Amino acid sequence: MEGPGLGSQCRNHSHGPHPPGFGRYGICAHENKELANAREALPLIEDSSNCDIVKATQYGIFERCKELVEAGYDVRQPDKENVSLLHWAAINNRLDLVKFYISKGAVVDQLGGDLNSTPLHWAIRQGHLPMVILLLQHGADPTLTDGEGFSSIHLAVLFQHMPIIAYLISKRQSVNMTDVNGQTPLMLSAHKVIGPEPTGFLLKFNPSLNVVDKIHQNTPLHWAVAAGNVNAVDKLLEAGSSLDIQNVKGETPLDMALQNKNQLIIHMLKTEAKMRTNQKFRLWRWLQKCELFLLLMLSVITMWAVGYILDFNSDSWLLKGCLLVTLFFLTSLFPRFLVGYKNLIYLPTAFLLSSIFWIFMTWFILFFPDLAGAPFYFSFIFSIVAFLYFFYKTWATDPGFTKASEEEKKVNIITLAETGCLDFRTFCTSCLIRKPLRSLHCHVCNSCVARYDQHCLWTGRCIGFGNHHYYIFFLFFLSMVCGWIIYGSFIYWSNHCATTFKEDGLWTYLNQIVACSPWVLYILMLATFHFSWSTFLLLNQLFQIAFLGLTSHERISLLKQSKHMKQTLSLRKTPYNLGFMQNLADFFQCGCFGLVKPCVVDWTSQYTMVFHPAREKVLRSV
C-alpha cells in the first residue's frame, strides 16, 4: 500500500476483520476499498526535488532519498510521529530504499508509531511478503512484540496473510508462540477471525491443540466457541481438540456453548463427544474397520431384495410398489448407523460392484444353459475377470499423490517465497507443497494428484498419472461385461418366453417379457445403465487422450476459459497435443515397432516446462 495516508492508518490500526487472500507475494487478493480509494486519491508529485525525505520514502523516490541522506540526514531519526524512514519504506514495500537505509546504518528493529511496532510489523500488516523476507534477511527479529503484545506471527494470523504465516513458521518461528496474554496464533485465529482460515491453515503445522492462555485458561476450542466461530470449531474437532479441559471458571467448551445458546455448536460438540465415547467400545471400532464391507453387503442385499420383489409371484403391482417403498425406507436408515459420513462417498462404488455380482450370478444360473460351450460364454468370463482386475488396479494404484516430509515442505516454502512464487498457482495451501505441472488438489482425497483427470465416483479414487491407463481398461471391460449380459438377456427371452414381437409390436413384447421374467428385465436395466455411462466415458476419454492430449480437468478448464475470451479457443492447439499416435504412445507408454517412441515424463515431480523431442514442443500447464 502506498502513500502517507495509508501509513497513518497503520499507526492507529486496530485489529479488525480483514478479507482473506492468497494473492501474489502474499498481497490480499481482495483489497480493502478504503485503502484502494486512498491510493487513487494520492496526488502525483511532479517535482520531487523539493519534497522532504519522508514523502520521498513513501512514494519511493530513490534518488531524492539518496540525495538527502548523503547530504547528512540521519536515517535513524524518527519523524514527529515517532516513525522512522525504515517504517515508511517497509509499509510501502520500497525494497530498494530499505536496502539503502540499512546500508546507511538504519536499525532494522527500531520501534516506532503509536503501537510501538517494528518495520517488520508494519510490512506484515500490509501483507508485503518480499519486504518481510528482506527484513528477516537483514536480521529483523520476528519474536519482538508491539505495543499490543503481538509478535510477527500473531499479526500475520490476525491479518490472514497465509504466505507470511507459512514463511515465518518455515523460518523456525514457533507455531505455539504466545503473545502478552499467553494466546497462541491458533487461539487468536479461532477467536478473532471468523471462518475456516487461517485456523485450518495453522493446523497443518501441528500446533498444540490443548494449551491454555494465561488469563482465562481457555484452549483454542474454548475461544472458537466463545466467538461462535462454527468453521473453527469444526476444524478443531476434526484435529482432535479435547472436550474435557476446563478453563479458570471450570467450564468446558460445551458449557460455554450452552451459555451462549449456539445450537449448531452445541450439536457439533455433543455429536463429537458421542463419537469419542463410542470409540472406547471394541465392537464400535470393529464396525468402523468393516464399514466398507458392510456398505457393500447392504448394497448386495438391497439389490437382491429389489429383484426379488419385482419377481414376486403376484399380479398386484401396487403391492410390489409398497414393498419397494418400504425397502428403500429401511435401507436408507441403515447407513446412518453402520457407515460414517466420510464413507458414504463409496456408495456408487458399492452399487457398481453389487450390480456386477448379480449380473454374474444371473449369467451363471439363467444364461449358462443356453450359452454353454459357446465362445460368448468364455468371452464373458474373460471380460468379467479383466474388469475385476482393472477395477482393483484403478482402486489400489497410487494415482500420483504428491508427498513431502515436513522438512521438505518448509524448504519448498522458503524457496518459493524467496523467488517470488509463493502463490496459489505454484503452491498448494492444503498440502503445503509445490504443485507439479498439471496437478490439482482433490478435496475428497485431500491430496494433490499428478496429471489430475477426475475423482471417479464409480471407483472411489482419484484418476491421475499413476492409474489413468488402468481406468481406461476398467471402462472398456465394464462395457464388454454389460454388452454380453444385454445379449444374453435377449437369448434367454427368445428361448424361454413366448413372445410375439413381429405380430403384436413392441408394447405387447414388453408386457410379455415382464410377465415371463421380471428379474431378467431388472438385470437388463442395470446392465444397460452401466453400459451407457461406461461407454460414454470410454469414448470421451479416448477422444481426449488421442485427439487432444488433455485430461478431463484440463479440457473443462479450457472450455470455461474460452467463455471469457474474445477469440475462439481451439482445444486441439495445446502444447500437450502431439498428434494421434504420439498422444497414445505417451499415454500408454508403449511404442509402435520403432515408428513412435513414448516420451517418459514423471508428472509427480515435474515442476518446469518439458521439452518433447517428438515435436520439439514445450509443454506448459493448462
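Glycine too: its Cβ is placed from the backbone N, Cα and C atoms.
A quick note: this is a predicted structure, and the numbers were derived from the prediction, not measured.
Relative to the membrane, LYS342 and CYS456 are recorded by Swiss-Prot on the same side. Tertiary neighbourhood of the repeat 'ANK 6' (216-245): same-chain residues 183-184, 186-187, 189-196, 199-200, 203, 209-210, 251-254, 256-257, 260, 262, 264-265, 268-269, 272-273, 276, selected by CB-CB distance under 8 Å and a gap of 6+ residues from either end.
Among 292-312, 348-368, 371-391, 471-491, 292-312 has the largest number of CB pairs under 8 A with the transmembrane segment (321-341). The largest share of C-beta pairs under 8 angstroms with the transmembrane segment (292-312) comes from 519-539, of the ranges 371-391, 471-491, 519-539.
Helix, strand and coil residue tallies for the topological domain 'Cytoplasmic' (392-470), in that order: 21 helix, 17 strand, 41 coil [DSSP].
Listed as Cβ neighbours of the topological domain 'Lumenal' (313-320) (distance under 8 Å, sequence separation of 6 or more from its ends, same chain) is no residue at all: none. Same-chain residues lying 6 or more positions outside the transmembrane segment (519-539) and placing a CB less than 8 Å from one of its CB atoms are 303, 306-308, 310-311, 352, 355, 358-359, 362, 366, 472, 475-476, 478-479, 481-483, 485-486, 489, 492-493, 513. Sorting each residue of the topological domain 'Cytoplasmic' (540-622) by its DSSP state yields 30 helix, 6 strand, 47 coil. The helix, strand and coil residue counts that DSSP assigns across the repeat 'ANK 6' (216-245) are 18 helix, 0 strand, 12 coil.
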